[in-house]
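Colleague: Next up is a structure, given as C-alpha coordinates.
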(Lines of atoms letter the chains of each structure in order from A; the text may use other names.)
(Lines give C-alpha, C1' and ligand atoms only; values in the text may rest on other atoms or scores of the structure.)
Protein backbone atom coordinates (compact mmCIF):
# COMPACT_ATOMS: atom_id res chain seq x y z
CA UNK A 1 0.00 0.00 0.00
CA UNK A 2 1.15 3.53 -0.75
CA UNK A 3 0.88 6.58 1.48
CA UNK A 4 -2.44 8.08 0.29
CA UNK A 5 -1.29 11.69 0.57
CA UNK A 6 1.72 10.98 -1.64
CA UNK A 7 -0.51 9.59 -4.40
CA UNK A 8 -2.23 12.97 -4.76
CA UNK A 9 -0.99 15.70 -7.09
CA UNK A 10 0.05 19.03 -5.60
CA UNK A 11 -3.31 20.71 -6.22
CA UNK A 12 -5.14 17.85 -4.51
CA UNK A 13 -2.70 17.87 -1.60
CA UNK A 14 -3.17 21.59 -1.04
CA UNK A 15 -6.95 21.33 -1.35
CA UNK A 16 -7.14 18.59 1.28
CA UNK A 17 -4.63 20.24 3.63
CA UNK A 18 -6.63 23.45 3.44
CA UNK A 19 -10.07 21.96 3.96
CA UNK A 20 -11.54 23.47 7.09
CA UNK A 21 -14.95 25.03 7.67
CA UNK A 22 -16.50 25.95 10.98
CA UNK A 23 -19.99 24.50 10.83
CA UNK A 24 -23.03 26.41 12.00
CA UNK A 25 -25.10 25.05 14.84
CA UNK A 26 -28.14 25.02 12.57
CA UNK A 27 -26.45 22.31 10.50
CA UNK A 28 -26.97 19.95 13.45
CA UNK A 29 -30.67 20.65 13.92
CA UNK A 30 -31.46 16.98 13.25
CA UNK A 31 -29.04 15.82 15.94
CA UNK A 32 -28.23 12.12 15.71
CA UNK A 33 -31.46 11.19 13.91
CA UNK A 34 -29.71 9.96 10.75
CA UNK A 35 -28.25 7.06 12.73
CA UNK A 36 -31.27 6.28 14.89
CA UNK A 37 -32.72 2.86 14.15
CA UNK A 38 -29.41 1.74 12.65
CA UNK A 39 -26.90 -0.63 14.19
CA UNK A 40 -23.60 0.93 15.28
CA UNK A 41 -20.82 -1.49 16.18
CA UNK A 42 -17.70 -0.15 17.86
CA UNK A 43 -14.44 -2.09 17.55
CA UNK A 44 -12.24 -1.37 20.55
CA UNK A 45 -13.22 -0.40 24.08
CA UNK A 46 -10.41 1.88 25.22
CA UNK A 47 -10.89 5.45 26.42
CA UNK A 48 -12.36 6.77 23.16
CA UNK A 49 -14.24 3.56 22.39
CA UNK A 50 -16.02 3.30 25.73
CA UNK A 51 -16.77 6.98 26.24
CA UNK A 52 -17.96 7.68 22.72
CA UNK A 53 -20.15 4.59 23.00
CA UNK A 54 -21.68 5.77 26.27
CA UNK A 55 -22.49 9.16 24.75
CA UNK A 56 -23.92 7.64 21.59
CA UNK A 57 -26.14 5.27 23.56
CA UNK A 58 -27.38 8.14 25.73
CA UNK A 59 -28.21 9.96 22.49
CA UNK A 60 -30.56 7.16 21.48
CA UNK A 61 -28.34 5.05 19.24
CA UNK A 62 -28.10 1.25 19.13
CA UNK A 63 -24.53 0.51 20.23
CA UNK A 64 -22.70 -2.82 20.50
CA UNK A 65 -19.01 -3.76 20.82
CA UNK A 66 -17.20 -6.22 18.56
CA UNK A 67 -14.14 -7.73 20.21
CA UNK A 68 -11.69 -10.44 19.26
CA UNK A 69 -12.62 -13.96 20.35
CA UNK A 70 -9.62 -14.10 22.68
CA UNK A 71 -10.62 -10.85 24.42
CA UNK A 72 -14.05 -12.28 25.14
CA UNK A 73 -12.86 -15.75 26.14
CA UNK A 74 -10.20 -14.35 28.48
CA UNK A 75 -12.49 -11.60 29.76
CA UNK A 76 -9.92 -8.91 29.08
CA UNK A 77 -10.27 -5.27 30.14
CA UNK A 78 -12.13 -4.32 26.94
CA UNK A 79 -14.72 -7.06 27.54
CA UNK A 80 -15.11 -6.09 31.20
CA UNK A 81 -15.59 -2.39 30.43
CA UNK A 82 -18.20 -3.05 27.76
CA UNK A 83 -20.17 -5.64 29.74
CA UNK A 84 -20.02 -3.77 33.04
CA UNK A 85 -21.59 -0.79 31.27
CA UNK A 86 -24.43 -2.92 29.94
CA UNK A 87 -23.44 -3.09 26.28
CA UNK A 88 -24.02 -6.02 23.97
CA UNK A 89 -20.67 -7.66 23.20
CA UNK A 90 -19.89 -10.18 20.48
CA UNK A 91 -17.22 -11.39 18.09
CA UNK A 92 -16.52 -9.74 14.75
CA UNK A 93 -18.37 -12.58 13.01
CA UNK A 94 -21.43 -12.16 15.21
CA UNK A 95 -21.86 -8.38 15.03
CA UNK A 96 -20.12 -6.86 12.00
CA UNK A 97 -22.39 -8.36 9.27
CA UNK A 98 -25.47 -6.60 10.73
CA UNK A 99 -23.75 -3.25 11.32
CA UNK A 100 -24.77 -0.14 9.40
CA UNK A 101 -21.79 1.74 10.86
CA UNK A 102 -18.60 0.08 12.09
CA UNK A 103 -16.50 2.46 14.21
CA UNK A 104 -12.83 1.51 14.48
CA UNK A 105 -11.53 2.95 17.76
CA UNK A 106 -8.54 0.67 18.26
CA UNK A 107 -4.92 2.00 18.54
CA UNK A 108 -3.31 3.20 15.28
CA UNK A 109 -0.92 0.27 14.98
CA UNK A 110 -3.85 -2.19 15.11
CA UNK A 111 -5.90 -0.46 12.42
CA UNK A 112 -4.64 -2.43 9.43
CA UNK A 113 -5.25 -5.80 11.07
CA UNK A 114 -8.66 -4.70 12.34
CA UNK A 115 -9.82 -3.26 9.02
CA UNK A 116 -8.63 -6.31 7.09
CA UNK A 117 -10.55 -8.51 9.54
CA UNK A 118 -13.82 -6.58 9.54
CA UNK A 119 -13.98 -5.41 5.93
CA UNK A 120 -14.88 -8.84 4.45
CA UNK A 121 -17.64 -9.15 7.06
CA UNK A 122 -19.24 -5.75 6.39
CA UNK A 123 -22.48 -5.73 4.44
CA UNK A 124 -22.77 -3.96 1.12
CA UNK A 125 -23.25 -0.21 1.56
CA UNK A 126 -22.20 -0.06 5.22
CA UNK A 127 -20.05 2.72 6.66
CA UNK A 128 -16.65 2.58 8.37
CA UNK A 129 -15.72 5.23 10.93
CA UNK A 130 -12.45 6.44 12.39
CA UNK A 131 -11.48 9.01 15.02
CA UNK A 132 -8.00 9.45 13.54
CA UNK A 133 -7.13 9.12 9.88
CA UNK A 134 -3.62 7.66 10.10
CA UNK A 135 -4.66 4.31 8.63
CA UNK A 136 -6.26 5.95 5.60
CA UNK A 137 -3.71 8.71 4.97
CA UNK A 138 -0.33 7.33 6.07
CA UNK A 139 -0.82 3.57 5.69
CA UNK A 140 -2.95 4.05 2.59
CA UNK A 141 -5.51 1.41 3.54
CA UNK A 142 -7.75 0.51 0.61
CA UNK A 143 -11.43 0.29 1.54
CA UNK A 144 -14.08 -1.46 -0.56
CA UNK A 145 -15.73 1.04 -2.90
CA UNK A 146 -19.26 0.32 -1.66
CA UNK A 147 -18.26 1.32 1.89
CA UNK A 148 -18.61 4.93 3.08
CA UNK A 149 -15.60 6.08 5.13
CA UNK A 150 -16.04 8.90 7.66
CA UNK A 151 -14.20 10.41 10.57
CA UNK A 152 -15.31 12.04 13.82
CA UNK A 153 -12.29 13.22 15.81
CA UNK A 154 -12.97 14.74 19.24
CA UNK A 155 -10.16 17.12 20.20
CA UNK A 156 -9.93 15.77 23.77
CA UNK A 157 -9.13 12.50 25.54
CA UNK A 158 -12.01 10.04 25.85
CA UNK A 159 -12.64 10.83 29.51
CA UNK A 160 -13.26 14.50 28.67
CA UNK A 161 -15.60 13.49 25.84
CA UNK A 162 -17.76 11.73 28.43
CA UNK A 163 -17.53 14.28 31.23
CA UNK A 164 -18.47 17.20 28.98
CA UNK A 165 -21.42 15.25 27.58
CA UNK A 166 -22.69 14.49 31.08
CA UNK A 167 -22.61 18.23 31.79
CA UNK A 168 -24.84 18.81 28.78
CA UNK A 169 -21.98 20.12 26.67
CA UNK A 170 -19.33 18.51 24.45
CA UNK A 171 -15.81 18.87 23.11
CA UNK A 172 -14.65 20.52 19.86
CA UNK A 173 -14.66 17.97 17.06
CA UNK A 174 -13.35 17.55 13.51
CA UNK A 175 -15.42 15.58 11.01
CA UNK A 176 -14.53 14.41 7.51
CA UNK A 177 -15.55 12.14 4.66
CA UNK A 178 -12.89 10.25 2.70
CA UNK A 179 -13.32 11.47 -0.90
CA UNK A 180 -12.44 8.03 -2.29
CA UNK A 181 -15.25 6.36 -0.32
CA UNK A 182 -18.60 8.15 -0.42
CA UNK A 183 -20.56 6.04 -2.94
CA UNK A 184 -24.04 7.14 -1.85
CA UNK A 185 -23.18 10.71 -0.89
CA UNK A 186 -24.30 10.11 2.70
CA UNK A 187 -20.91 10.43 4.38
CA UNK A 188 -21.47 13.92 5.74
CA UNK A 189 -24.90 13.01 7.12
CA UNK A 190 -23.38 10.02 8.94
CA UNK A 191 -20.48 12.08 10.31
CA UNK A 192 -22.77 14.87 11.51
CA UNK A 193 -25.08 12.43 13.29
CA UNK A 194 -22.15 10.65 14.93
CA UNK A 195 -20.65 13.98 16.07
CA UNK A 196 -24.01 15.09 17.46
CA UNK A 197 -24.39 11.79 19.30
CA UNK A 198 -21.10 12.43 21.12
CA UNK A 199 -22.14 16.01 21.97
CA UNK A 200 -19.46 17.60 19.82
CA UNK A 201 -21.90 19.91 18.03
CA UNK A 202 -22.44 21.84 21.27
CA UNK A 203 -18.78 22.90 21.43
CA UNK A 204 -18.08 23.51 17.75
CA UNK A 205 -17.45 21.24 14.75
CA UNK A 206 -14.97 21.76 11.93
CA UNK A 207 -15.63 20.13 8.58
CA UNK A 208 -12.14 18.98 7.67
CA UNK A 209 -10.44 16.24 5.64
CA UNK A 210 -8.66 13.04 6.61
CA UNK A 211 -5.43 14.60 5.34
CA UNK A 212 -5.73 17.86 7.28
CA UNK A 213 -6.65 16.03 10.49
CA UNK A 214 -3.73 13.61 10.28
CA UNK A 215 -1.01 16.06 9.28
CA UNK A 216 -2.04 18.69 11.85
CA UNK A 217 -2.61 16.11 14.59
CA UNK A 218 0.84 14.59 14.12
CA UNK A 219 2.50 18.00 14.11
CA UNK A 220 0.75 19.22 17.24
CA UNK A 221 1.41 16.12 19.32
CA UNK A 222 5.05 15.83 18.30
CA UNK A 223 5.97 19.43 19.03
CA UNK A 224 4.06 21.63 21.47
CA UNK A 225 1.59 19.15 22.94
CA UNK A 226 3.98 16.43 24.05
CA UNK A 227 7.52 16.96 22.77
CA UNK A 228 7.86 20.51 24.09
CA UNK A 229 6.39 19.60 27.48
CA UNK A 230 8.75 16.65 27.82
CA UNK A 231 11.84 18.56 26.69
CA UNK A 232 10.87 21.54 28.85
CA UNK A 233 10.31 19.37 31.92
CA UNK A 234 13.70 17.69 31.65
CA UNK A 235 15.60 20.89 30.88
CA UNK A 236 13.93 23.00 33.56
CA UNK A 237 14.30 20.37 36.28
CA UNK A 238 17.99 19.84 35.58
CA UNK A 239 18.59 23.60 35.52
CA UNK A 240 16.85 24.16 38.86
CA UNK A 241 18.68 21.34 40.61
CA UNK A 242 22.04 22.39 39.17
CA UNK A 243 21.52 25.84 40.70
CA UNK A 244 20.76 24.43 44.14
CA UNK A 245 16.98 24.10 44.20
CA UNK A 246 15.60 21.25 46.31
CA UNK A 247 14.82 18.45 43.79
CA UNK A 248 11.42 17.80 45.36
CA UNK A 249 10.40 21.46 45.07
CA UNK A 250 11.78 21.67 41.53
CA UNK A 251 9.81 18.59 40.52
CA UNK A 252 6.53 19.99 41.85
CA UNK A 253 7.09 23.42 40.33
CA UNK A 254 7.39 21.77 36.92
CA UNK A 255 4.90 18.93 37.28
CA UNK A 256 2.05 21.21 38.32
CA UNK A 257 3.42 24.35 36.71
CA UNK A 258 2.53 23.32 33.16
CA UNK A 259 -1.06 22.66 34.18
CA UNK A 260 -1.47 25.91 36.13
CA UNK A 261 0.07 28.00 33.35
CA UNK A 262 -1.98 26.38 30.59
CA UNK A 263 -5.23 26.76 32.53
CA UNK A 264 -4.85 30.49 31.90
CA UNK A 265 -4.03 29.67 28.29
CA UNK A 266 -7.27 27.72 28.00
CA UNK A 267 -9.41 30.50 29.43
CA UNK A 268 -7.91 33.44 27.54
CA UNK A 269 -5.14 32.35 25.21
CA UNK A 270 -1.54 33.52 25.26
CA UNK A 271 -2.78 37.01 26.17
CA UNK A 272 -4.23 35.92 29.52
CA UNK A 273 -1.29 33.64 30.28
CA UNK A 274 1.13 36.53 29.80
CA UNK A 275 -1.13 38.92 31.72
CA UNK A 276 -0.67 36.76 34.82
CA UNK A 277 2.91 38.04 34.99
CA UNK A 278 4.16 41.34 36.38
CA UNK A 279 5.15 43.84 33.70
CA UNK A 280 8.92 43.22 34.07
CA UNK A 281 8.32 39.45 33.98
CA UNK A 282 6.09 39.77 30.92
CA UNK A 283 8.77 41.65 29.02
CA UNK A 284 11.35 39.02 29.97
CA UNK A 285 9.06 36.11 29.04
CA UNK A 286 8.40 37.73 25.67
CA UNK A 287 12.12 38.19 25.00
CA UNK A 288 12.87 34.58 25.97
CA UNK A 289 10.07 33.29 23.76
CA UNK A 290 11.43 35.18 20.76
CA UNK A 291 14.87 33.65 21.36
CA UNK A 292 13.35 30.20 21.65
CA UNK A 293 11.39 30.62 18.44
CA UNK A 294 14.52 31.56 16.54
CA UNK A 295 16.42 28.55 17.88
CA UNK A 296 13.62 26.01 17.41
CA UNK A 297 12.18 27.08 14.05
CA UNK A 298 14.35 24.66 12.02
CA UNK A 299 13.39 21.77 14.32
CA UNK A 300 9.67 22.52 14.03
CA UNK A 301 10.01 22.82 10.26
CA UNK A 302 11.84 19.48 10.04
CA UNK A 303 9.04 17.74 11.91
CA UNK A 304 6.42 19.31 9.65
CA UNK A 305 8.42 18.42 6.53
CA UNK A 306 8.83 14.80 7.66
CA UNK A 307 5.11 14.57 8.44
CA UNK A 308 4.10 16.00 5.06
CA UNK A 309 6.50 13.78 3.13
CA UNK A 310 5.58 10.61 5.02
CA UNK A 311 9.13 10.16 6.33
CA UNK A 312 7.92 10.21 9.93
CA UNK A 313 5.22 7.60 9.35
CA UNK A 314 7.48 5.24 7.43
CA UNK A 315 10.07 5.40 10.21
CA UNK A 316 7.51 4.73 12.90
CA UNK A 317 5.90 1.86 11.00
CA UNK A 318 9.35 0.32 10.59
CA UNK A 319 9.65 0.44 14.38
CA UNK A 320 6.24 -1.23 14.67
CA UNK A 321 7.59 -4.05 12.51
CA UNK A 322 10.64 -4.25 14.80
CA UNK A 323 8.49 -4.82 17.92
CA UNK A 324 8.64 -1.14 18.93
CA UNK A 325 12.33 -1.39 19.79
CA UNK A 326 12.98 2.36 19.58
CA UNK A 327 9.75 3.32 21.31
CA UNK A 328 10.30 0.96 24.23
CA UNK A 329 13.94 2.02 24.62
CA UNK A 330 12.99 5.70 24.72
CA UNK A 331 10.16 4.98 27.15
CA UNK A 332 12.53 3.16 29.50
CA UNK A 333 15.14 5.93 29.29
CA UNK A 334 12.53 8.59 30.07
CA UNK A 335 11.44 6.67 33.14
CA UNK A 336 14.98 6.79 34.49
CA UNK A 337 15.45 10.57 34.16
CA UNK A 338 16.09 12.67 37.25
CA UNK A 339 12.75 14.44 36.85
CA UNK A 340 10.78 11.20 36.81
CA UNK A 341 12.60 9.74 39.81
CA UNK A 342 12.72 12.88 42.00
CA UNK A 343 11.03 12.74 45.42
CA UNK A 344 7.63 14.33 45.95
CA UNK A 345 7.37 17.76 47.60
CA UNK A 346 4.93 17.74 50.49
CA UNK A 347 4.60 21.52 50.81
CA UNK A 348 2.17 23.80 49.01
CA UNK A 349 2.94 26.04 46.05
CA UNK A 350 0.45 28.85 45.52
CA UNK A 351 -1.08 29.43 42.10
CA UNK A 352 0.67 32.75 41.46
CA UNK A 353 4.00 31.26 42.52
CA UNK A 354 3.89 28.97 39.49
CA UNK A 355 3.70 32.03 37.25
CA UNK A 356 6.19 34.19 39.15
CA UNK A 357 8.84 31.46 39.31
CA UNK A 358 8.08 29.91 35.95
CA UNK A 359 8.82 32.73 33.51
CA UNK A 360 10.91 30.40 31.34
CA UNK A 361 8.15 27.80 31.28
CA UNK A 362 5.67 30.44 30.12
CA UNK A 363 8.12 31.50 27.42
CA UNK A 364 8.42 27.87 26.31
CA UNK A 365 4.64 27.52 26.09
CA UNK A 366 4.27 30.75 24.12
CA UNK A 367 7.10 29.90 21.73
CA UNK A 368 5.94 26.33 21.21
CA UNK A 369 2.28 27.20 20.63
CA UNK A 370 3.07 29.99 18.19
CA UNK A 371 5.70 27.98 16.32
CA UNK A 372 3.48 24.92 15.93
CA UNK A 373 0.62 27.12 14.71
CA UNK A 374 2.80 29.14 12.32
CA UNK A 375 4.51 26.06 10.89
CA UNK A 376 1.21 24.31 10.22
CA UNK A 377 -0.32 27.37 8.58
CA UNK A 378 2.78 27.88 6.43
CA UNK A 379 2.30 24.29 5.22
CA UNK A 380 -1.26 24.91 4.02
CA UNK A 381 -3.25 23.90 7.11
CA UNK A 382 -6.08 26.31 7.92
CA UNK A 383 -5.81 28.41 11.10
CA UNK A 384 -8.76 26.80 12.87
CA UNK A 385 -7.26 23.32 12.49
CA UNK A 386 -3.86 24.58 13.61
CA UNK A 387 -5.40 26.17 16.71
CA UNK A 388 -7.13 22.99 17.82
CA UNK A 389 -3.95 20.95 17.33
CA UNK A 390 -1.75 23.36 19.28
CA UNK A 391 -3.17 25.72 21.89
CA UNK A 392 -6.53 24.02 22.54
CA UNK A 393 -5.21 20.58 23.49
CA UNK A 394 -2.23 21.77 25.54
CA UNK A 395 -4.05 22.12 28.91
CA UNK A 396 -5.38 18.58 28.54
CA UNK A 397 -1.91 17.13 28.03
CA UNK A 398 -0.47 19.26 30.86
CA UNK A 399 -3.15 17.77 33.09
CA UNK A 400 -1.75 14.28 32.51
CA UNK A 401 1.70 15.40 33.69
CA UNK A 402 0.09 16.81 36.84
CA UNK A 403 -1.24 13.34 37.61
CA UNK A 404 1.89 11.18 37.28
CA UNK A 405 4.58 13.22 35.52
CA UNK A 406 5.81 12.26 32.04
CA UNK A 407 4.93 8.62 32.64
CA UNK A 408 1.23 9.44 32.73
CA UNK A 409 1.42 11.65 29.65
CA UNK A 410 3.08 8.90 27.64
CA UNK A 411 0.61 6.28 28.88
CA UNK A 412 -2.44 8.38 28.01
CA UNK A 413 -1.38 9.58 24.56
CA UNK A 414 -1.33 7.20 21.60
CA UNK A 415 1.77 5.22 20.66
CA UNK A 416 1.94 7.40 17.55
CA UNK A 417 2.07 10.55 19.68
CA UNK A 418 4.56 8.98 22.08
CA UNK A 419 6.93 7.99 19.28
CA UNK A 420 6.81 11.51 17.80
CA UNK A 421 7.25 13.04 21.24
CA UNK A 422 10.51 11.17 21.77
CA UNK A 423 11.81 12.12 18.32
CA UNK A 424 11.23 15.79 19.11
CA UNK A 425 12.40 15.84 22.73
CA UNK A 426 15.58 13.88 22.00
CA UNK A 427 16.49 16.55 19.42
CA UNK A 428 15.22 19.54 21.39
CA UNK A 429 17.03 18.93 24.69
CA UNK A 430 20.58 19.19 23.29
CA UNK A 431 19.49 22.00 20.97
CA UNK A 432 18.40 24.17 23.91
CA UNK A 433 21.24 23.41 26.33
CA UNK A 434 23.37 26.43 25.25
CA UNK A 435 20.29 28.65 25.65
CA UNK A 436 19.67 27.24 29.14
CA UNK A 437 23.25 28.03 30.14
CA UNK A 438 22.67 31.74 29.43
CA UNK A 439 19.57 32.20 31.59
CA UNK A 440 19.43 35.06 34.08
CA UNK A 441 18.31 35.11 37.74
CA UNK A 442 14.51 35.30 37.84
CA UNK A 443 13.98 33.31 34.65
CA UNK A 444 13.27 30.09 36.53
CA UNK A 445 12.85 29.22 40.20
CA UNK A 446 12.80 32.77 41.54
CA UNK A 447 10.70 35.83 40.79
CA UNK A 448 11.81 38.78 38.70
CA UNK A 449 11.86 41.87 40.95
CA UNK A 450 9.38 44.66 40.35
CA UNK A 451 10.92 47.64 38.65
CA UNK A 452 10.44 50.41 36.17
CA UNK A 453 9.41 49.47 32.64
CA UNK A 454 9.44 51.37 29.40
CA UNK A 455 5.84 52.21 28.51
CA UNK A 456 6.44 52.13 24.78
CA UNK A 457 8.14 48.74 25.02
CA UNK A 458 5.31 47.32 27.11
CA UNK A 459 2.74 48.71 24.66
CA UNK A 460 4.52 47.13 21.71
CA UNK A 461 4.87 43.76 23.44
CA UNK A 462 1.20 43.74 24.41
CA UNK A 463 0.24 44.59 20.84
CA UNK A 464 2.48 41.84 19.46
CA UNK A 465 0.99 39.23 21.80
CA UNK A 466 -2.62 40.14 21.09
CA UNK A 467 -2.29 40.60 17.34
CA UNK A 468 -0.81 37.16 16.65
CA UNK A 469 -3.06 35.13 14.35
CA UNK A 470 -3.53 32.37 16.92
CA UNK A 471 -4.98 34.89 19.36
CA UNK A 472 -7.41 36.17 16.75
CA UNK A 473 -8.74 32.76 15.73
CA UNK A 474 -8.58 31.51 19.31
CA UNK A 475 -10.85 34.26 20.58
CA UNK A 476 -13.48 33.24 18.04
CA UNK A 477 -13.25 29.51 18.73
CA UNK A 478 -13.18 29.88 22.51
CA UNK A 479 -16.51 31.63 22.26
CA UNK A 480 -18.00 28.20 21.58
CA UNK A 481 -16.29 26.66 24.57
CA UNK A 482 -17.00 29.11 27.38
CA UNK A 483 -18.96 26.45 29.21
CA UNK A 484 -16.06 24.04 29.50
CA UNK A 485 -15.07 23.36 33.06
CA UNK A 486 -11.75 24.02 34.67
CA UNK A 487 -9.68 20.85 34.60
CA UNK A 488 -6.90 21.86 36.94
CA UNK A 489 -6.15 19.48 39.78
CA UNK A 490 -3.18 21.30 41.24
CA UNK A 491 -3.64 22.50 44.78
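Just so it is clear, glycine is given a Cβ too, placed from its N, Cα and C backbone atoms.
Sharing the feature lines straight out of Swiss-Prot:
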- 15-208: domain 'KARI N-terminal Rossmann' (DOMAIN)
- 45, 46, 47, 48, 68, 76, 78, 108, 109, 110, 158: NADP(+) binding site (BINDING)
- 132: active site (ACT_SITE)
- 209-344: domain 'KARI C-terminal knotted 1' (DOMAIN)
- 217, 221: Mg(2+) 1 binding site (BINDING)
- 217, 389, 393: Mg(2+) 2 binding site (BINDING)
- 345-484: domain 'KARI C-terminal knotted 2' (DOMAIN)
- 414: substrate binding site (BINDING)
Colleague: What's the most sparsely packed of the recorded positions 68, 109, 132, counting other C-beta atoms within 10 A?
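Modeller: Output over recorded positions 68, 109, 132: least Cβ neighbours within 10 Å is 68.
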Colleague: 78, 414: which of these binding-site residues has the highest Cβ count within 10 Å of its own Cβ?
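Modeller: Top count of Cβ atoms within 10 Å goes to 78.
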Colleague: Can you tell me how far the Cα of residue 158 (NADP(+) binding site) sits from the Cα of residue 221 (Mg(2+) 1 binding site), in Å?
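Modeller: Residue 158 (NADP(+) binding site) to residue 221 (Mg(2+) 1 binding site), Cα-Cα distance: 16 Å.
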Colleague: Go through the recorded positions 68, 78, 109, 132, 389, 414 and tell me which ones have a CA within 10 A of the CA of residue 217 (Mg(2+) 1 binding site).
Modeller: 132, 389
Colleague: If we check Cα distances from residue 393 (Mg(2+) 2 binding site), which of the binding-site residues 68, 78, 221 wins as closest?
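Modeller: Answer for the nearest of the binding-site residues: 221.
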Colleague: Using C-alpha atoms only, work out the spacing between residue 221 (Mg(2+) 1 binding site) and residue 389 (Mg(2+) 2 binding site) and round it to an integer in Å.
Modeller: 7
Colleague: Which one is it, among the binding-site residues 45, 47, 68, 109, 414, that lies nearest to residue 389 (Mg(2+) 2 binding site) by Cα separation?
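Modeller: That would be 414, the closest of 45, 47, 68, 109, 414 to residue 389 (Mg(2+) 2 binding site).
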Colleague: Other than its own, how many Cβ atoms are within 10 Å of the Cβ belonging to residue 217 (Mg(2+) 1 binding site)?
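Modeller: For residue 217 (Mg(2+) 1 binding site), the count of other Cβ atoms within 10 Å is 26.
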Colleague: Could you tell me the C-alpha distance between residue 414 (substrate binding site) and residue 109 (NADP(+) binding site) in angstrom, no decimals?
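Modeller: A Cα-Cα distance of 10 Å.
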Colleague: Look at the binding-site residues 221, 389, 393 and tell me which residue has the greatest number of other C-beta atoms within 10 angstroms of its C-beta.
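Modeller: By the 10 Å Cβ neighbour count, 389 comes out on top.
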Colleague: Measuring Cα to Cα, how many Å separate residue 132 (active site) from residue 78 (NADP(+) binding site)?
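Modeller: Spelling it out, the Cα of residue 132 (active site) and the Cα of residue 78 (NADP(+) binding site) are 20 Å apart.
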